Amino acid sequence: MLKREMNIADYDAELWQAMEQEKVRQEEHIELIASENYTSPRVMQAQGSQLTNKYAEGYPGKRYYGGCEYVDIVEQLAIDRAKELFGADYANVQPHSGSQANFAVYTALLEPGDTVLGMNLAHGGHLTHGSPVNFSGKLYNIVPYGIDATGHIDYADLEKQAKEHKPKMIIGGFSAYSGVVDWAKMREIADSIGAYLFVDMAHVAGLVAAGVYPNPVPHAHVVTTTTHKTLAGPRGGLILAKGGSEELYKKLNSAVFPGGQGGPLMHVIAGKAVALKEAMEPEFKTYQQQVAKNAKAMVEVFLERGYKVVSGGTDNHLFLVDLVDKNLTGKEADAALGRANITVNKNSVPNDPKSPFVTSGIRVGTPAITRRGFKEVEAKELAGWMCDVLDSINDEAVIERIKGKVLDICARYPVYA
């Protein structure tokens, strides 16, 4: 018999200490990594539930194991909410991650060796959009497209590449692009050569759900997303589609299970269901609107302080600061800001002279600070502190002074009150 009072603290002090230290780190550091966010206690309650015990290979009503009558309800709730939230008529909530959702789409729509047009990783794309170190770059013939001199997607070049290489699939979506993507234009290009349009909206799904960023679901053949990032749910993936055939939906389901995964994580799917319900609340829209406002406010300060922002601004939750002219590397900036309890990630910028392990830029995102309650005033103040650190990157006294300010604002705006 298992006693409910069993706990980690009394049993595994070494593990518990690391967990507690991470809790303190999250409370005492300002999180600006664009792909990170804070999930609600309700989501964590679902993830720590007895649903973690249940194997449920298959789909609701079509399981390979008995005893699935209640987890069927859980998964169907998640499916129905995903469809309602994004205006889809198909949803698969089983992918363990965004990358596995993307793997399923490749598996369902393509054969190894097929040509795919994807955004260049160095211009803001993602590993799964064709990087040579990823399955996508190893199994498929990848043709990259990118951004123009203004820092925006070069649709003329994209169309030219599409007509020249005749890819079977075009990928829209990004991990470090601050503009608005013209999904309709991408579909028009895809249709002109008979290609699939697959959109990975992982970074902007929360903004899309709130109507703050254009919804790709009506335009793409298939859409994937993560359920964390701006959506603020548990770490996981999701596949969506609208207006497709039953044959396509069967292929997608089969590509997830049994094609790429075994049993789904029912405790995580419950967390997804909760997060999707939270995303339907009016306050979620207010939150996403503030995420975008905070990003614009921070960009304003960086520009005023003489820093270059890729594409000159932002229309979503993130932006890239190009440090080439400052003779700084992303690695140096990341480390110095980290010592001030400000967490960012080093990031390549277009035409970056440095390697991906060093880089010449940093990526900044506002979902997590907005979750804490930051508004434009706090966002601008924070951007100013970051510039102070970057202006005096080797001055530990400046870094310590900013760290004190960070600890103070973190105490005033706790993650979990």
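Glycine is treated like the rest: Cβ placed from N, Cα and C.
Fair warning: this is a prediction, and the values are worked out from it, not measured in the lab.
Database features (Swiss-Prot):
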BINDING   Leu121, Gly125, His126, Leu127, Ser355, Pro356, Phe357  (6S)-5,6,7,8-tetrahydrofolate binding site
MOD_RES   Lys54  N6-acetyllysine
MOD_RES   Lys229  N6-(pyridoxal phosphate)lysine
MOD_RES   Lys250  N6-acetyllysine
MOD_RES   Lys285  N6-acetyllysine
MOD_RES   Lys354  N6-acetyllysine
MOD_RES   Lys375  N6-acetyllysine
SITE      His228  site 'Plays an important role in substrate specificity'
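Everything Swiss-Prot records as a feature, shown here on the structure.
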residue	record	Cβ neighbours (10 Å)
Lys54	N6-acetyllysine	18
Leu121	(6S)-5,6,7,8-tetrahydrofolate binding site	24
Gly125	(6S)-5,6,7,8-tetrahydrofolate binding site	24
Leu127	(6S)-5,6,7,8-tetrahydrofolate binding site	16
Lys229	N6-(pyridoxal phosphate)lysine	28
Lys285	N6-acetyllysine	17
Lys354	N6-acetyllysine	17
Ser355	(6S)-5,6,7,8-tetrahydrofolate binding site	11
Pro356	(6S)-5,6,7,8-tetrahydrofolate binding site	14
Phe357	(6S)-5,6,7,8-tetrahydrofolate binding site	10
Number of Cβ atoms other than its own within 10 Å, given for His126 ((6S)-5,6,7,8-tetrahydrofolate binding site): 23
Neighbour tally for His228 (site 'Plays an important role in substrate specificity'), based on other Cβ positions within 10 Å of its Cβ: 27
Inter-residue C-alpha distance, Ser355 ((6S)-5,6,7,8-tetrahydrofolate binding site) and Lys375 (N6-acetyllysine) (nearest angstrom): 35
Length of the line joining the Cα atoms of Lys375 (N6-acetyllysine) and Gly125 ((6S)-5,6,7,8-tetrahydrofolate binding site), in Å: 29
Shortest C-alpha distance to Lys250 (N6-acetyllysine) - which of the binding-site residues Leu121, Leu127, Pro356, Phe357: Leu127
Three-state secondary structure, His126 ((6S)-5,6,7,8-tetrahydrofolate binding site) (per DSSP): coil
Rounded distance in angstrom between the Cα atoms of His228 (site 'Plays an important role in substrate specificity') and Gly125 ((6S)-5,6,7,8-tetrahydrofolate binding site): 18
